[in-house]
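Asks: After the structure tokens below, expect a handful of questions from me.
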Amino acid sequence: MAWKRTVSVKALENAGGQIAVNVDGNVIFIARGKDGLHGLNAVCSHARCILGIFEEDTMTVRCSCHGARFEVTTGKMIEPPSVAPNAPMEKLGLKVYNVRDNAGFLEVDVD
């Protein structure tokens, strides 16, 4: 395991329980859900937009560009983007990361 320190827990709280951070050149979306901290690649697999709408009731995150929705626990795309009906598309998931609170700072396991 290679834990990397990111932002303070207070910064996550101030951002409404969701935040995107840069860890070694990777943008990672972190959200505090009802069952703890979750992290996943913050770049949508459809059009490379940054994710940003965490829905705690469904434990999903939505891409603000085209509406694709991903499970925060698995990274699986559960709702494809809203694009032209005949547009070619792959339902690619996102990498998930373990996240922990260590002495008031969020750490991400980048392995």
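Quick reminder: no glycine exception, Cβ is built from N, Cα and C everywhere.
Keep in mind it's a predicted model, so treat the numbers as computed, not measured.
Got these off Swiss-Prot a minute ago, pasting:
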DOMAIN    3-108  domain 'Rieske'
BINDING   CYS44, HIS46, CYS63, HIS66  [2Fe-2S] cluster binding site
Asks: Taking the binding-site residues one at a time (HIS46, HIS66), which has its Cβ surrounded by the most other Cβ atoms within 10 Å?
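Replies: Its Cβ has the most other Cβ atoms within 10 Å: HIS46.
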Asks: Average pLDDT across the domain 'Rieske' (3-108)?
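Replies: Looking only at the domain 'Rieske' (3-108), pLDDT averages out to 90.
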Asks: Who sits close to CYS63 ([2Fe-2S] cluster binding site): which same-chain residues at least 6 apart have their Cβ under 8 Å from its Cβ?
Replies: CYS44, HIS46, ALA47, CYS49, LEU51, GLY52, ILE53, ARG69, PHE70, PRO81
